[in-house]
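Participant: According to TrEMBL:
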- B:23-42: transmembrane segment (TRANSMEM)
- B:81-99: transmembrane segment (TRANSMEM)
- B:131-154: transmembrane segment (TRANSMEM)
- B:160-182: transmembrane segment (TRANSMEM)
- B:194-218: transmembrane segment (TRANSMEM)
- B:238-260: transmembrane segment (TRANSMEM)
- B:297-323: transmembrane segment (TRANSMEM)
- B:343-371: transmembrane segment (TRANSMEM)
- B:392-418: transmembrane segment (TRANSMEM)
- B:438-455: transmembrane segment (TRANSMEM)
- B:462-485: transmembrane segment (TRANSMEM)
- B:505-526: transmembrane segment (TRANSMEM)
Amino acid sequence: MTDSALRAVDLTKRYGRLTALDTLNLDVAPGEVFGFLGPNGAGKSTTIRLMLGLARPTAGRAEVFGADAADVARAHRSLAYVPADVALWPQLTGAEILHLHARTGPGTDPSYRDELVERFDLDPSKPARTYSTGNRQKVALIAAFATRAPLLVLDEPTSGLDPLMEQEFRTAVRAARDRGQTVFLSSHQLAEVEAVCDRVGILRAGHLVEVATLSRLRALHRSEVTVSYAGPAPTLTAVPGVEAITENGDGRLRFTLTGSPAAALRCLATADVTALAVREPSLEEMFLDYYGAENGR
Amino acid sequence: MSALETAPGGAVIRLAARQIRRGGVIVAVLIAGMTAIVAATFDQVMADPAAAGSLEALAGNPAIRTLFGEPIGLGTAGGFTVWRVGSVTAVFLGAWAILATTRITRGEEDAGRWNLLLSGRITLPGTVVRHLATVLTVPAATAAGITGVLVASGTPMTGALIHGLGTGLLGLFFAATAALTAQIFPARTPATGTAVAVLGVTLLARMIGDGITALGWLRWLSPFGLMALSGPYVHDRVVPLLILFAAAVAIIVATGLTAARREVGSGLVTASTSRPARLGLLGSVESFAIRRALRPLAGWALGIGAYFLLIGLTAVSVTDFLADNPAMSDAAAQAGFPGLGSIAGFAATLFALLAMPVGGFATVRLGAFVAAETDRRLTSLAAQPIGRARLLGAEIAATAAASALLVTTAGLATWAGVLMMGGDLTLTASLRGVWNSMPIVLLSLGAAVLAVGWVPRWVGVVGGLPAIGGFLLLVIAESVATPAWVRDLSPYAHLAPVPLTGAGWPAIAVMLALASALTATGIAGYRSRDLRS
Ligand SMILES: Nc1ncnc2c1ncn2[C@@H]1O[C@H](COP(=O)(O)OP(=O)(O)O)[C@@H](O)[C@H]1O
Ligand SMILES: [Mg+2]
């Protein structure tokens, strides 16, 4: 049997009376890009810190390619990590930090690193104290992607990046998969995991709700549409993908939309629509809608 | 101001207060306590009329004046107390004020925690001034504490007030200085370093001004000198204190103006925006630990080296003077400085004190290690294939090596000073003397490591216990004649006066074993706990 890249067995972490992570059982196969999706406070960072041996589990255990996560000197030889909130030594320049990473880490490809510095548009000659949040994140991402480590653990790595850099990030994740590296990507953005992941674990209030396929994930993905109209209200009841219609009575109508909007738009075209607003609900709202409230802590 | 406007200001003050309250309470209580204890011992010391006369005669020697301040008014409980602990408590309060101020201002800003704070309605100068104001409650409380205990000990009200106010104003001055350097420099280390340098240079100015009559005017330029010039219980002058107050106010105004002229995260001196990579000592955790220790080491070595050079330069004069006045030697012994009659004895007495700054250095370094963990700089190293024991071990090794270099610097400086004055102290004797203080330094390091493993928030206090707490315990125990076992709790009680005598090997062995046990327990704790972040 081949080892999982990452394995959690009954992994549990309690902070006093708060159960941040409740008996997580999870296997991530070598070579896959695994999304770890959950709203803020779900326990994603806690899980990752346990898997990296930065925090000690209250119960259960975690393994990295068969090595106990607590045996850091061994387990970390096969992984690279980008923390959620990157802090750097302020007096070192980007280049010096990348050098320190390369020399203390599991092995780095220097030419790919230089390429990544170009692609992420980082000025490595500046001291880290002058870097913005996004630039600090870039340093950590470049250091991680440039390693040859078979596993990359990324904790919400795009929260400080602008959209252009987010694209570069997705390119780098795909390149890592093509090289055979496993990627464990935590995120609270549905669109991000949809774009790059093969499988997605859904975490809510410390519980792994399910390990979902991409089609299941698409079903989760819905928009909230508000239309204002003059004249009679459009009839949307039978339109596929439209649900939870609420009429406010003041010439406004709200509904949720899953899948293709084509049918709904055709229907709206027949009415005298004066304004249209589309909102992406937060992940927590989607989860509440989808899984109900009973999974709260 | 409406309630809406005052609310965030109050929140800033509460935030600042939370960060300094523990240290602040310890400092104020310790200083008031030491003052009270020494004041209480006066009658005991003065019971012997010969001792009283001899102490008074010490005033004539320039070297004594240089090292311990001008001993005026020794005939009264108040004057005696001011001479005995006044300088120590002033340095203690000044150093704490600097460290606390730069920690909660520039340190927090460095860690990026002010971005959030300042996205609200509070301006940068407003935030800085509120933090400074919060720190200032500690010198104020200390001033009140000193005055209170001195009055309660039955000394005259005016002298007590002058000494209490002088100490408080000195704390005010250095907190303000640190707040200003924190605006000028874009990082905590140079801000702290510059403020500490101001403290060191002004202390030196006071020493030189006290020792050399022709340069007495130097004291008007130094907060320590102004405190001395106020002459509590003897002259009771208010003018020097007014000057000190005016200087501090000027610095606070300058701080506000400077803060208004810069952006969050930057300083008046902007960090060089680009520079070529310096890749030396970045190859492993061990070398990186050395790299981070180098700058602080250079600063501490400069300060400690200067002080012990001064000791070396004055050693000949002090010992000659004491050798000519045997009654005086006895008096000095009574006052807690035995064996001062020979250069070896004088050096041995002062070498023991070396464990305090160097033990402090070791504690500060481990404190910086915990700070790096807390603000998550350490996370990226902890995520490399490097075990916790090795991560902490690298820091311990670098700190121990740097501490050894510091005591060696003191030994070389003392030897050079004595040599220049034509005195008699061999290099080996000097080095043996300074190395003799290493076991106490290692005890402090071990205690700091223990705290890193089990109570990381308490590194500063726990690490300071053996070297600094131990010394205070010894002084207090000798002053109030406690049972012997209390005095024996202090590691200083077991330190042989090297180079006057040979080293006390059994005691050294016990201390080293204890230091090793503390270190091992600390490492074990560090391996088993969660990283703070
Ligand atoms: N060191 C800690 N002490 C106490 N509670 C913590 C600690 N770390 C995380 N938590 C709590 O655990 C829960 C999960 O946090 P986290 O793993 O950071 O969530 P996520 O990364 O999914 O946003 C939160 O409720 C958080 O407040
Ligand atoms: Mg998180």
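Every residue, even glycine, has its Cβ placed from backbone N, Cα and C.
Automatic prediction, not curation, is the source of TrEMBL annotations.
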Participant: State the residues, same chain only, that lie 6 or more residues beyond the ends of the transmembrane segment (B:505-526) and have a CB under 8 A from a CB inside it; answer 'none' if no residue qualifies.
Facilitator: 388-389, 392-393, 396, 436, 439-440, 442-443, 445-454, 491, 494-496
Participant: The transmembrane segment (B:438-455): which same-chain residues, six or more beyond its ends, come within Cβ distance under 8 Å?
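Facilitator: Distal contacts: 355, 358-360, 362-363, 366-367, 369-370, 392, 396, 399-400, 403-404, 407, 461-468, 470, 491-492, 495, 507-508, 511-512, 514-519, 521-527, 529.
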Participant: State, in range form, which of B:81-99, B:131-154, B:160-182, B:194-218, B:297-323 has the highest count of Cβ pairs under 8 Å to the transmembrane segment (B:23-42).
Facilitator: B:131-154
Participant: In the same chain, who gets a Cβ under 8 Å from the transmembrane segment (B:297-323) while lying at least 6 residues past its ends?
Facilitator: 61-64, 66-67, 193, 196-197, 200, 204, 207, 211, 329, 332, 340-343, 345-347, 350, 354, 357-358, 361, 402, 405-406, 409-423, 425
Participant: Taking a Cβ cut-off under 8 Å, which residues six or more beyond the ends of the transmembrane segment (B:238-260) line up next to it in the same chain?
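Facilitator: Same-chain contacts beyond the ends: 123-125, 128-129, 132, 162, 165-166, 169-170, 172-173, 176-177, 179-180, 183-184, 220, 223, 226-227, 229-230, 268.
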Participant: Give residue numbers and ranges for long-range contacts of the transmembrane segment (B:160-182): same chain, 6 or more residues beyond its ends, CB-CB under 8 A.
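Facilitator: Distant contacts of the transmembrane segment (B:160-182): 31, 78, 82, 86, 89-90, 93-102, 105-106, 109, 128, 131-132, 135-136, 138-140, 142-148, 150-151, 188, 190-192, 194-195, 198-199, 223-224, 226-227, 230-233, 236-238, 240-241, 244-245, 247-248, 251-252, 254-255, 258.
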